[in-house]
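Below is one structure, written out as structure tokens; the observations come after it.
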Amino acid sequence: MKPEPLSETFVQEESYQTESTSKDRRTSSDSEHNFTDDEQTSDIEFDLDPRFLNTKYECLRPTPLKPKYNQSLVELLEVIEHSRELNGEERNALSYRHAIAALKAYPHNIKSYAEARKIIGVGPKIGNHIKEFLTTDTIPEAEEILASEKYQTLDIFSRVYGVGYKTALKWYRKGYKSIRECMRDPYLTHIQRLGLELFNDFQKKMSRQDIQELLGILDTIIKSIYSDCIITPVGGYRRGKEFNGDLDVVVSHPQEEIANNLLKDIVEKLMDTGHLKHKLFYARNKKDTSSELLSSHRNVMDKLDKCFCAFIQPSTQICRQVDLIIAPYSQYSTAVLGWTGSKQFERSLRNYAKKERNMTLTSHGLFLNVIPKRQVHVTSEREIFNILGIPWVEPEMRNC
DNA sequence: CGCTGGCAAACA
DNA sequence: TGTTTG
DNA sequence: ACAGCG
């Protein structure tokens, strides 16, 4: 559990923590011109605020939910990012996400094109958008996107559970303009029909209080089955979001045999008690205790069980999306880490593990990529950070 | 200039 | 296998 | 119609 040799990419233990207490001592930010060195390319960050860790790995620095600076710039870039996603331009969207994540973590407002371009992740194209923003206070392309009927329609359709950009585009081309029209489409999958029917409820955000109500129910019911289950809310709720579209929960139990059958038991009970209305997605992995098949002894290659549910919230009677994930005890910490997100934080972590540590991180384990692949046993989130040699990042600061 | 970019698993 | 999910 | 890296 000791940190591996550090690659000097991250050093600063301080300047790191939730920062704030911004005693603006000489951050070079006010003096809008650096003194001498303009051409002194000797070192990496000249102009950049030294509190900012300039890296392509978002997981190495804390990113708040709401940026303190560059907020409207971030919102506009997010419009372009989303538009790229809706057009299936995945790589392109990813580039915007890198730039956005950096701006959210950046400790003051960007003041110039040159400053922006020094940030890893901001290249010529996005740099130009920022330049436009600095003079016009908006980004023309983002405004055009927001005003376009196509974007508005695709945006709505793609929010339906079971609908991605391909289906959204298909419906748009058929001339549908509303959710109601989509419901008459003759080629709906079962899940899409459900998604359309539940659309209005699923669009309603849950307050933290709403979520606490649901957690109370889950806690009571799950513990009535096995009192020593461990129940951990993850997802946006754990990252501190005030309002959430769904609730993700990781459940585990110290005894492997019990954990193996837990999902079935929980789902049955939730059905019996009338809380669970629909199963949107049910993944049950063969626990395959038959020792004959597959690899050598000690196989234990079970993956997570999970069930994405439509769950009635008693106080409001609104249907809520609740994602239940059952993890064997041995995979509990990687499951919690993996399901806490954000999506970009996960991508970054896994990419870092692979590229910088020759390891593979997934929600069901941490592996060393030697031949054959060897599992690294971990028992806590902190231990995973330590092994990867990454400074601890609070869940509330994983919002990249 | 060419390659990579996070992943696994269900449904139709 | 392609599409979608978290 | 993106950006970084080797």
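Cβ atoms are placed via backbone N, Cα and C, with glycine included.
Just so you know, TrEMBL annotations never went through curation; they're auto-generated.
Take the Mg(2+) site that TrEMBL assigns to A:D246, A:D248: the candidate from A:D137, A:D155, A:D323 listed for it is A:D323. DSSP classifies A:D246 (Mg(2+) binding site) as strand under the three-state reduction. Of the chain residues outside the Mg(2+) site list A:D246, A:D248, A:D323, A:V234, A:G235, A:L247, A:V249, A:F308, A:Q321, A:V322, A:W339 have their Cβ within 8 Å of the site's Cβ mean position. Taking every protein chain shown into account, A:D246, A:D248, A:D323 are the binding-site residues, and of these the Cβ with the most other Cβ atoms within 10 Å belongs to A:D248.
The predicted model assigns the domain 'DNA-directed DNA polymerase X' (A:68-399) a mean pLDDT of 93.
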